[in-house]
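Notes to accompany the following structure.
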Amino acid sequence: MIRTLLLSALVAGALSCGYPTYEVEDDVSRVVGGQEATPNTWPWQVSLQVLSSGRWRHNCGGSLVANNWVLTAAHCLSNYQTYRVLLGAHSLSNPGAGSAAVQVSKLVVHQRWNSQNVGNGYDIALIKLASPVTLSKNIQTACLPPAGTILPRNYVCYVTGWGLLQTNGNSPDTLRQGRLLVVDYATCSSASWWGSSVKSSMVCAGGDGVTSSCNGDSGGPLNCRASNGQWQVHGIVSFGSSLGCNYPRKPSVFTRVSNYIDWINSVMARN
């Protein structure tokens, strides 16, 4: 019981998470076409990397939610790959002092995830690190929102990651950020937007044809600032349009984290 309560406090944001050492620059930068983020402004952002031909390569993003747990998307994971997590990095080629590369001890994918039906939802997973990381100005835990929280239309959030700078484009070496406005569920699920592909367990953001997430951003956070100034991870990058990363009326779609708080707590408590 004590362990469960402690984990609940952590993911609810009670342990000084969500306040980066360096202030986020509030501009209209974007991931697609991209603006470089200021180093260490998103200290819970991680690079999930796979071992390929003897080298570690960026595969997906993720968010550190405890000193030994990372939150990411289920579609990022496979039982046939070897993973590690890079934390505290701004440049992937030169992570520098203050970064840490940690092996993975366990992958926990939501039991209802179906890789053949992404639109069904449940695109969420937790990664247990082989050893806890030391928190610092470069490496901090993310805050998660209270269970059931629904963001209003046009709420300002940021997507972050090392995804492609444009559809079929190059991958950046340094972390990017993109300012996105939340699209309410009624609009996003309408026929001229995403239709029935979007469920109420998801969050839509963007859709202006300019700013979006892209391949390589998957699993990373949708960061939204609460009224008290605390940054919370409200979404996990899940999917976008096959027509292009920044196609009009096809906003980036995220797993809505507030729908899975109980699941997150349960997994962390059991493992």
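Glycine is no exception: its Cβ is also placed from the backbone N, Cα and C atoms.
His75 (active site, charge relay system) falls within a helical segment according to DSSP. Sequence-distant contacts (6 or more apart, same chain, Cβ under 8 Å) of His75 (active site, charge relay system) comprise Trp113, Ser115, Val118, Asp123, Ser218, Gly219, Ser238, Phe239. Annotated active site, charge relay system per Swiss-Prot: His75 (among others), in sequence order.
Around Asp123 (active site, charge relay system), taking its Cβ as the centre, 28 other Cβ atoms fall within 10 Å, counting all chains. As annotated by Swiss-Prot, active site, charge relay system applies to Asp123 (among others), with the evidence given as similarity to another entry.
Annotation source Swiss-Prot lists active site, charge relay system at Ser218 (among others). Over all protein chains present, the Cβ of Ser218 (active site, charge relay system) has 24 other Cβ atoms lying within 10 Å.
The disulfide bond feature in Swiss-Prot is assigned to Cys60-Cys76 (among others); the stated evidence is sequence analysis. Around the Cβ of Cys76 (disulfide bond), a 10 Å sphere holds 25 further Cβ atoms from the protein chains shown.
The disulfide bond annotation in Swiss-Prot covers Cys157-Cys224 (among others) and is backed by sequence analysis. Over all protein chains present, the Cβ of Cys224 (disulfide bond) has 22 other Cβ atoms lying within 10 Å.
Every protein chain considered, the tally of other Cβ atoms within 10 Å of the Cβ of Cys188 (disulfide bond) stands at 23. For Cys188-Cys204 (among others), the entry in Swiss-Prot reads disulfide bond, with the evidence type sequence analysis.
What Swiss-Prot records for Cys214-Cys245 (among others) is disulfide bond.
Per Swiss-Prot, domain 'Peptidase S1' is recorded for 31-269, and the stated evidence type is sequence analysis.
The feature signal peptide is assigned by Swiss-Prot to 1-16.
Under 8 Å, Cβ to Cβ, and six or more positions away along its own chain, Cys157 (disulfide bond) finds Leu151, Arg179, Leu180, Leu181, Val182, Ala205, Leu222, Asn223, Cys224, His234, Gly235.
Counting only same-chain residues six or more apart in sequence, the Cβ atoms lying under 8 angstroms from the Cβ of Cys204 (disulfide bond) belong to Val182, Val183, Asp184, Tyr185, Thr187, Cys188, Trp193, Trp194, Val198, Pro251, Ser252, Val253, Phe254.
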